[in-house]
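These notes concern the structure reproduced below.
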Amino acid sequence: MKKGRDLVVLKRLLSCKLKSVAAIHSERKMHSDSSKRYSFNPTLQWNPDVQQYFINAYGTHHFSRISTSLTRPSRYSCIRVNTLNSTIDAVADKLRSLINESLSQQSEFDPNPLKDFSHDDASVSKCQIPGLDHVLFVWGSGPHNIDYDYQHDQSPPKEIIVSRKCAEAVLRGAQVYVPGVVACSAHVEEGETVAVSVAVEQQGSDGGWGIGMTRGTVLQGPQTDPYHFERSGLYIGQGTAMLSRAGMFRVSEGVGVDMKNRVYKLHSFHKVLEGEIFLQNLPSIVAAHALDPQRGERILDMCAAPGGKTTAIAILMKDEGEIIATDRSHNKVLDIQKLAAEMGLKCIKPCRLDALKSVCQRNEFDTSTGPCCSNANNGVTNHVSSSPNLQVETAASLVTERSKTDTVEENGKDVKADDKAYVSKADIRKNMRRMRNGPGRNQRLVAKADSSKGFSPDSFDRVLLDAPCSALGLRPRLFAGEETVESLRKHAKYQRKMFDQAVQLARPGGVIVYSTCTINPGENEALVRYALDKYKYLSLAPQHPRIGGPGLIGRCEFPDGYVEEWLRPGEEDLVQRFDPSSPLDTIGFFIAKFAVGSKYA
């Protein structure tokens, strides 16, 4: 009898022990699940055909490393110093002072969050690459584990979801601005601590991509959040709400969340030392050096916006010579113009021009200035002169009596206008808004961008074509699913047409530098193969400095029968390919330099 009771007690003890062990395992699993959710460990989504294409080009393990690196920012900022306005030592001292001041105001940050991984252990260090003595590195840190103060037996932390573009900017050091806020937990008040996550596009049942929510969505738990589980591992930090939930979606500008704890801690250089520095990726600086511009030369920068490489070339030329910087966007040309003025550079002449129409035909004429190919005006036509005395037309002027000499077009004939012209109430309201808000960017009566009809063949010593591309080398990048094999081929076709224009404009004995910010071989090595096969007078030229890796050799055969030819043995070391997974920790980038031989032999 006693033995039976002992057996029952033993069974109860074992049962309790097993329950206890199960509870511990359950608790650990929940803690592990919460740690996994509230972390930053994104997986870049690709179109399956594009992914297979890149695996064929790089190999499975190498492409996996590239894909992972693209989701993270570089752990340093590259600063190019305008040596015409300042010195590298003076700028370095100013940056150190600004960084130390910023850190003292943000006690939540580590005492020294901007680590230097070089030998001198400084937050700001000079570039040691020969020829790049005007470049500074400002070092950041990451990734950091953020404590979101979440326990499995408590409610989840209050959360703000931002758009992918906003999140990518935050990872580079920006704050969360109101336009980037997509959704917010209920009852968030100003001053509260919130977790910040990102809504990355997900593929729907129709094959399209979307985030599954509209701006202003209130988060009330997993049951009402369509992509609650998809955001696991997509938390970029923690900050203080600067507005209530209602305020986030009531105003149109301003900081929505002041980021305090970041997964990556990088310094922001927004409006810092304007005119003295320019924030630029290291490979872009190398591309300007590869062009090797000389004083007094005439240089064309095709697709020049926003002007980083243009101003780098101007500084290398000591602002002596002529740089024609073109872009087809009026506003982007104005941005180049503004940057050149800000940096005090006089040799840059921005103008609006479609890169596909860069070569002007000799039988074309510009009625206002004569031949469009005239070297006297460099093919640039100034259609609008600036006048500080010009005034914006007011709403009142639209309803006043018009002059009897004004004419209007009616039934194909010029007739006198009525004494009073009718103006609709909609027009009055529109002009009242214009008076209240000021003119839009395109309506501001200031100096407009010059335009051009193109340039004479062989009229430039050097041409830089930093071609519009798929941009699959830019980082951080949290989404890449929309690019298809077909869209990548369209990019390559467009780039070949632009390169054809560049070849015609570079004189014999001149230089062409072609660059992209993509990892796609079809836009890089395949363009080089096209150029060398079509233009026998072109040859690859050595580049200085050379810090990138070799190009890809071989070819790729697609299931539809299309064959993409890349480099041939011996050519790989004459181009520079920047791998985002390499120790240089740069964006993905490609540079090829061509020497132009005799075209008419």
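Note that Cβ sites are derived from N, Cα and C of the backbone, with glycine treated the same way.
On a predicted model such as this, the values are computed, not experimentally measured, just so you know.
So that you can see what the record holds, here are the features copied from TrEMBL:
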type: BINDING; residues: C303, A304, A305, P306, G307, G308, K309, D327, D354, D466; note: S-adenosyl-L-methionine binding site
type: ACT_SITE; residues: C517; note: active site, nucleophile
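Non-local neighbourhood of the residue listed as 'active site, nucleophile': N281, P283, S284, C469, A471, G473, L474, I587, G588, F589, each in the same chain, at least six residues away, with C-beta under 8 Å from its C-beta.
Taken over all pairs of the listed S-adenosyl-L-methionine-binding residues (C303, A304, A305, P306, G307, G308, K309, D327, D354, D466), the Cα spread reaches a maximum of 19 Å, rounded to the nearest whole number. The Cβ of C303 (S-adenosyl-L-methionine binding site) has 22 other Cβ atoms within 10 Å, all protein chains considered. There are 23 other CB atoms within 10 A of the CB of K309 (S-adenosyl-L-methionine binding site), with all protein chains counted. The least crowded of the binding-site residues A305, G307, D354, judged by other CB atoms within 10 A of its own CB, is D354.
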